[in-house]
């Protein structure tokens, strides 16, 4: 009997193998959507199936949250990319021959991220994250313009340095676990390491956590290690920007959180909380100010992702059931909203033929429906009610306020700064005299509407079952 | 038993020396030679660990290090550099003297950090780890102070050599690591091909500075 967690990994890889062999992009796109739907079904199945703790795989309430978000956004992105890529081929930005590799790489990337998420082994998790990173490097360089190549190169160099440092941290964790668990596979297994955390050498754990924080922190996009992120988002195809912001950052964060749980299991080791609070706040406030100087719409929302990842890392740094719950909820809301925004940005870029803010004006006149959808998405990410992002940001701020009133001022300040930039840019793009060309938009709006509805529903009413599930996951985080 | 550690220390020390050698080369060809030497010493160190601690699976890692990083990649990179006929000199951001001094400081830092932190583990494993960390940091330094795309790739691969040394120094680390290392070597090669040829195609140079002029915000 095959278990759902195996399907979550095997379905994308199998689809990747099939997709490489399919030359036509229409058939490829349909298969891509079908494979993503199958993976989503497997991810949803995980929600109701029993947890697993095997030699190489682990399924508990905590990583199921990530897997469900991953497969859901993977599915909607596949849906979006099916129509988006068709347009890119017609306009000649993308040679048709590339598209089968694009689809195969998309599935391989989804599979690799799921490997990292279900792995019960710190080495296997590292391999999954590295593979996903390298595939996205190639995809960022897909358009082969000088800017795309520069972005891909920068991403490649920074990500591989980060991933190397994370690997050194992984070796140190193995060394720390070795005295208690013996040589071989057990000392690299999450569940066993977690149980033996109290017997580990605190000094080695400290050093390991610093390496892991810098290494995986680069992938999360924490300042000052974020330099790759805006370029990679701006120059790659828009579906990849959506997946980068919505998913890959989360997977790296997942790795970081697992190690945080491990280090927190040894009271004598350093407390990861304050370190994460500081890095989160620096990213949040820095990115909020950087928003004002951006001229490129995708770069702008990439900085917004840094801002929100900073807030999420801050929430997990605070720790405790309530802040962890808020952090998880905000992560889910951010994934849905931000990938939705990138879908809208993809539509806008195709409608106006540019990503520059200066050339995107008066959308409400030329594309009224798109303008409304985009405005709603930006309002959602800005943290205004009734959307779900408001709920999660409110929770993060109130729990912080209840525990450390003065500390709560800093994230509130950063969010306000970011809020101003978002409204300023929103006003500029929606209103005013239209400039430049106004092409018809063919890309499907279903994914965008779906994401907006989900975020809206979460903001109005969180089902008790969902709350209970997130609470159990937050308790696992400690 | 003691002799086994002496020999593995000797080999790791030799790798550290080649890491310094990477920093002061003037010509790209010489950088590639130094890197090849480092990879071959790494292969010897891994092979020695495989033999002395009776872990035959490590011979695969040694073989990969020897053939791919010791021979294939340096030869391929050299042919690329010759064929492109450009940038045979190493372009530096920081001079040789300053780079060596920083390298020395990093080595000292690695020793101090690991020896102090890992006081609980066996002394030989600790020293091995300190040497590996020094090699990783020197590779990192090389990526920062050398400008050319080829030398940056070499810096990265030198960093990876240090990682493999650290992984073999951690006794009994399972096969997963070897698989992942083989993966990354394969992918380093692949990415190298993609990037160097595409960069060549677009700019007629492999100089990273040319790329920095393309900053998206100033388009």
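Glycine too: its Cβ is placed from the backbone N, Cα and C atoms.
Range with TrEMBL annotation transmembrane segment, chosen from B:160-178, B:179-197, is B:179-197. Long-range contacts of the transmembrane segment (B:6-24) within the same chain: residues 31, 34-35, 37-38, 41-42, 44-45, 48-49, 52, 96, 99-100, 103, 107, 124, 127-128, 131-132, 134-135, 138-139, 141-142, 145, 154-155, 158, 161-162, 165, 169, each at least 6 residues beyond the stretch ends and with a Cβ under 8 Å from a Cβ of the stretch. With a cut-off of 8 Å between Cβ atoms, the residues of this chain six or more beyond the transmembrane segment (B:31-52) that come close are 4, 7-8, 11-12, 14-15, 18-19, 21-22, 25, 58-59, 61-63, 65-66, 69-71, 74, 77-78, 81, 90, 150-151, 154, 157-158, 161, 164-165, 168-169.
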